[in-house]
Amino acid sequence: MGKMAATVGSVATLAAEPGEDAFRKLFRFYRQSRPGTADLGAVIDFSAAHAACGTGPCAHKVLRSQLSVSSVSDHDAHRAGLQPVSKWQAYGLQGYPGFVFIPNPFLPGYQWHWVKQCLKLYSQKPNVCNLDKHMTQEETQDLWEQSKEFLRYKEANKRRPRSLLEKLRWVTLGYHYNWDSKKYSADHYTPFPSDLAFLSEQVAAACGFQGFRAEAGILNYYRLDSTLGIHVDRSELDHSKPLLSFSFGQSAIFLLGGLKRDEEPTAMFMHSGDIMVMSGFSRLLNHAVPRVLPSPQGDSLPCCLEMPLPAVLPRDSVVEPCSEEDWQVCTSYLKTARVNMTVRQVLATDQDFPLEPMEEKKRDITTEGFCYLDDESSQVKRVKLNPDS
């Protein structure tokens, strides 16, 4: 492959491989991009000043989005660790109706609760994870306890083997997604976390979706060499409800395309605390994450994660205190990683799952099968399982 020119224009002139579509072409470009150069000049940064004032290379695509401020009380927002909705900034993109991007609306320090839940609580049984295919249930019973001492002293022994938490790639919640059949079913369900359901309900209501029910979640755990392949989230039976995405940790590039892969996608940064909502037309668009961006300062946390969770929380808050020990483990993990929570409503009101043939019911939910989040150490495996990535 020829050397890539470090200009914004190089995106358009990058030679396509045989049979390569426009989305895949741009995915490959950003996967190989060099932070700190013009390679990232066309990536929209909603948290930067140009998103608000209408300047920048892609500012013509950025639109202000209206939120339903009265649908979420300031008290309920605070209970979930969010600022009052009146203080949120929300943006859309021309040509992508139903897409809403909310740059970090979390109160200072409150992201720590959600990071800790992803690493310490949501990774526990009975929830399902990628490690289940290769390990017994007893071995994956409590990934946090098995990993916390490794992570606390990570910098003192950088050559040690990865802990189980560092090998985690995905966890499913609620209705557990079957990577083989690409379906949900009533037979594979565990109670959805009440705190995450409350957070999701507030964000959905602020975006005009009162009555949203959080029924399924897929948590993705990214290392710096991880990618999320090109895909569409269409397995939910009710597409009238939004898909909610929450990002924590290191920044990444997100690509949002069209209904077909031959439509060139729009690139944007996702920073810690950012929330994306995909609904309506944008609910079934192709999207992907080609690159997680290392911190310019080396192994360090984003600024918004440097402030600890307040010692005093609202009495009815769904957010729980975070101990100094837990904070140290989360800090060590996030210096070279990113966590993403996607929450969906699977069924419409009063809807049931269709009856499945008996052979479908025998599929093993813990089979890893087709999993489009992976890292470069597993390139051969990813090519076999997911040509999209």
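In case you wondered, yes, glycine gets a Cβ from its N, Cα and C as well.
Unlike curated entries, TrEMBL annotations are predicted automatically.
All chains included, 22 other C-beta atoms sit within 10 angstroms of the C-beta of HIS287 (Fe cation binding site). Annotated Fe cation binding site per TrEMBL: HIS231, ASP233, HIS287, in sequence order.
Marked as domain 'Fe2OG dioxygenase' by TrEMBL: 213-347.
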Practice task
Determine the Cβ neighbour count for HIS231 (Fe cation binding site): the number of other Cβ atoms within 10 Å of its Cβ.
Solution key: 15
Practice task
By DSSP assignment, list the helix, strand and coil residue numbers for the domain 'Fe2OG dioxygenase' (213-347), in that order.
Solution key: 19 helix, 49 strand, 67 coil
